[in-house]
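Quick look at what TrEMBL annotates:
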BINDING   C81, H84, C154  Zn(2+) binding site
DOMAIN    13-188  domain 'GTP cyclohydrolase I'
Amino acid sequence: MTNPSGVDLTRAAAAVRELLIALGEDPDREGLKDTPGRVARAYAESFAGMWQHPSEALNRTFDVDHDELIIVKDIEVYSTCEHHLVPFHGVAHVGYIPDRDGRVTGLSKIARLVEVFAKRPQVQERLTTQIADALVEHLGALGVIVVVDCEHLCMSMRGVRKPGAHTITSAVRGQLRNPATRAEAMSLLLSDSRR
Ligand SMILES: Nc1nc2c(ncn2[C@@H]2O[C@H](COP(=O)(O)OP(=O)(O)OP(=O)(O)O)[C@@H](O)[C@H]2O)c(=O)[nH]1
Ligand SMILES: [Zn+2]
């Protein structure tokens, strides 16, 4: 039952069965009998990015001779907090300045890159820096800015119980570290330009 993604579904299902027992449940009752397998498959989906390389997401590039900022905003993010294994969700905004040849990637590939890193056990800070570093490393971007804005269910539904609290993280690389360029990029990233 090991699947191509590398997740050992049989072992994961057995662990979920054990967890149900530890929690005082009867894993053989009607409603729970398929749950261990289901949860194992759901985790395999949530952690699919562990088996993907960021360069795969960015493999399609186009020579469009564009050497200025490109921004993809409001990319929906569903990730999993590695401390509690519960979701955090929100949006990512990604901007980059292409390499000297003006080589850009497909717009959807930016969202695919976000997915590669979101579908792993994560903390929001690492998610943010991994996206930025991958654009420099695999696309040769001369400048990168990434802002991630998420609500962590580990803070909303349990623990400190503060629903609605947002965590905002940013990572800036290369030419966009220049204060003036950075401020301009940040304002574009955070503005609602469609209204
Ligand atoms: N920096 C950072 N912290 C996170 C992230 N996701 C969850 N956390 C925090 O991880 C911390 C874990 O703290 P612990 O004291 O070890 O765990 P805990 O007893 O469950 O903490 P509480 O959530 O405060 O009940 C909590 O403060 C969470 O809010 C994240 O993406 N980045
Ligand atoms: Zn958490």
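In case you wondered, yes, glycine gets a Cβ from its N, Cα and C as well.
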All chains considered, the count of other Cβ atoms within 10 Å of the Cβ of C154 (Zn(2+) binding site) is 16
Per-residue pLDDT averaged over the domain 'GTP cyclohydrolase I' (13-188) comes to what?
-> 96
For the Zn(2+) site given as C81, H84, C154, which other residues of the same chain have their Cβ within 8 Å of the site's Cβ centre?
-> T80, E82, H83, L85, V86, F88, H152, L153, M155
Which chain-mates of C81 (Zn(2+) binding site) that are at least 6 residues away have a CB under 8 A from its CB, listed by sequence?
-> P87, F88, P121, Q122, V123, H152, L153, C154
Listed in sequence order, the residues of the same chain lying six or more positions from H84 (Zn(2+) binding site) whose CB sits under 8 Å from its CB are C154, R158
Three-state secondary structure, which DSSP defines for C154 (Zn(2+) binding site) | helix
